[in-house]
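Asker: Pulled from TrEMBL, these are the listed features:
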DOMAIN    16-328  domain 'Carbohydrate kinase PfkB'
ACT_SITE  289  active site, proton acceptor
């Protein structure tokens, strides 16, 4: 469950970033001052549209890695009844993801401007319709809740905490009470900073937590861990209070080209990423989502943690060689 967004990506220069007060590698929610950004980026001669939104990217990748059967992943989120919404529906269909969107007419389909400079990407999300997801109008409907009950693994990016924390809690509690796996992502530094309360309410139900090194550092700071050692942060995060004692929490932090850090039992282990020539990196947009997608692909097949991380590294390695969160027709993961 997450924010379905249509990614509008374009290569920009430093002046463009400065004009809208953007950092080269960051993700933020659009404010009024960014309205013109969306108009300007679309006017650029080379703009690419991709079905996006963090959670949706991850389930698309997981489905791509699986290939068949189709529609292994079900996705919930809110879109508008408009052209961008139609594109998103079409893209989900092409990716063989079973998308059940809540469609409304008050707000247009959400968009995310991916402003690419070199191998950095600055994301500005205009949630619009994605912000209009309503638990009682979608998640609580019997036909939709049945789909939730059928699932074995749940993944919701932290971004959805800004939209419908009550929906996340309903799913998280269901997972915990039925000893199923609930996964979440720290998603962006601003989530820990400004949505700490809903984040910590859900944290008690999180079986697998993902994040990158920047998000982990911000999370540690907000929780007063008083360390910037990523292994220590992972260990302390693992030991936060947890409802379902049958599953030990697993914490996985990626660090770009540096080793991925994961808790294995009571220890913290480093997993080296795949080597890549810097010249082969086209765009890191979607790398973190792809890692999670690869991880979920192995997880639903009940593979070992090592295999899950290896699959995550493979998927991220494929994505950073391409524009946006896109992939070749078939994976060559063995």
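From the backbone N, Cα and C atoms, a Cβ is placed for every residue, glycine too.
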Asker: Determine the mean pLDDT over the domain 'Carbohydrate kinase PfkB' (16-328), rounding to the nearest whole number.
Answerer: 95
Asker: Using a 10 Å radius around its CB, how many other CB atoms surround the residue listed as 'active site, proton acceptor'?
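Answerer: The Cβ of the residue listed as 'active site, proton acceptor' has 27 Cβ neighbours within 10 Å.
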